[in-house]
Amino acid sequence: MNPNQKIITIGSVSLTIATVCFLMQIAILVTTVTLHFKQHECDSPASNQVMPCEPIIIERNITEIVYLNNTTIEKEICPKVVEYRNWSKPQCQITGFAPFSKDNSIRLSAGGDIWVTREPYVSCDPVKCYQFALGQGTTLDNKHSNDTVHDRIPHRTLLMNELGVPFHLGTRQVCIAWSSSSCHDGKAWLHVCITGDDKNATASFIYDGRLVDSIGSWSQNILRTQESECVCINGTCTVVMTDGSASGRADTRILFIEEGKIVHISPLAGSAQHVEECSCYPRYPGVRCICRDNWKGSNRPVVDINMEDYSIDSSYVCSGLVGDTPRNDDRSSNSNCRNPNNERGTQGVKGWAFDNGNDLWMGRTISKDLRSGYETFKVIGGWSTPNSKSQINRQVIVDSDNRSGYSGIFSVEGKSCINRCFYVELIRGRKQETRVWWTSNSIVVFCGTSGTYGTGSWPDGANINFMPI
């Protein structure tokens, strides 16, 4: 090859390499521009598809940086659309309950500014669990805490903190309320808050931090609600409310709410004679509630809510080991599934239970007469067999020498099933402990487990002699 041919060959190869490099740079530039300007194509609808007019809630918007040959490419990850909860997964199969949370509010009140509360409960959004309670408008070490044994005053407010965080001075006051219920529909919180005169109270419906609707007393006799979480399925939330006598016939209605707006009201139907303070849980496609009969029965009423056609049915828990306090001893207590047992039916306490096939998981005070101690167990046939009394898997939550109080259920959705959890109110102060002038509580929380577990007792634990008077 002569010198001229060598020069031509080298030039051709160099030109080819330069051309390839140039084309590669153009390709990289085109890719960068295309990725940057095609963000709108994330989850883009098919052609001619009608898009909804309402806004779509975006949970997060993350930019991922990819480095390629010293060239930065920004790739927009498609945002996640927040959806309504439907609770369609099966209920978790459990062997019992394991400790989950305890806030120690009364013990902490001995040396800190902690709210005076009662009627606590727990509810969860899709990410976190929160504890709620009705505050008395005062901290414990405060003269305003005197005589806080009373249920209904205009200063009571609904408090909300992350579960396990006591109600300190920085706690958010969600609304004015001496009776309440809260639940999260998957997009935002709904709070049902009742306050006002005993004979003409108002229930406010607050959704996503805004007052959306309200309803006044319909029987002019202490309008009241669950004191535990409501339940939302596919954007419709339901809450049980009662107005009328606490020891005679009352008017119970089941309200259906969508994004804070009342869309339907159904009267109570079925055989339940008196219904208060229901503990409700999702039982897809409906909702089931275990309530308090403060008139005729120490066996607990059951309210079944059809979320599709708004129909209601009611009955009583079949278990002959009844759940209310006061009650007969277990040898003489009864329940026939349909009617109140007329056994020490007046008075009572908020409680919970839930069905497990034909069986029943339930909790109750250990004392049959007082709000003392707390136990859980499973009743074989307790959901389907009248007067069933075969008990297994008993656990002591609070020993019988210590005070308890209200209790209620809340549900937590896992990857494959829905777990049932419960809380126990641990009341301290008046009326039983007369050294002090206040009445308040702490809580302990347990959740269902498929594992093994040990034993113990988890009372409030405050030494009343250390407490402010």
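These residue numbers are counts, starting from 1, taken along the chain as shown.
Even glycines carry a Cβ here, placed using N, Cα and C.
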Next item on the list: Let me know which member of D243, D251, D324, D369 Swiss-Prot also records as binding Ca(2+) at the site of D293, G297, G345, T346, Q347.
Entry: D324
Next item on the list: Quick one: which of C129, C193, C230 does Swiss-Prot link to C183 by a disulfide?
Entry: C230
Notebook entry, point to check: Which of these, C280, C318, shares a disulfide with C289 in Swiss-Prot?
Noted result: C280
Next item on the list: Identify, in sequence order, the residues in the chain of C175 (disulfide bond) that are 6 or more apart from it along the sequence and have a CB within less than 8 Å of its CB; answer 'none' if there are none.
Entry: T157, L158, H191, C193, S204, I206
Notebook entry, point to check: Is C92 (disulfide bond) helix, strand or coil when read with DSSP?
Noted result: coil
Notebook entry, point to check: For C318 (disulfide bond), what is the secondary structure by DSSP, using just helix, strand and coil?
Noted result: coil
Checklist line | C232 (disulfide bond) as reference: those disulfide-bonded residues from C183, C278, C289, C447 with C-alpha within 10 Å of it | finding: C183
Check: Given the disulfide-bonded residues C124, C129, C447, which lie within 10 A of C183 (disulfide bond) by CA-CA distance?
Finding: C124
Notebook entry, point to check: Hey, of the disulfide-bonded residues listed (C92, C230, C421), which one tops the CB count within 10 A?
Noted result: C230
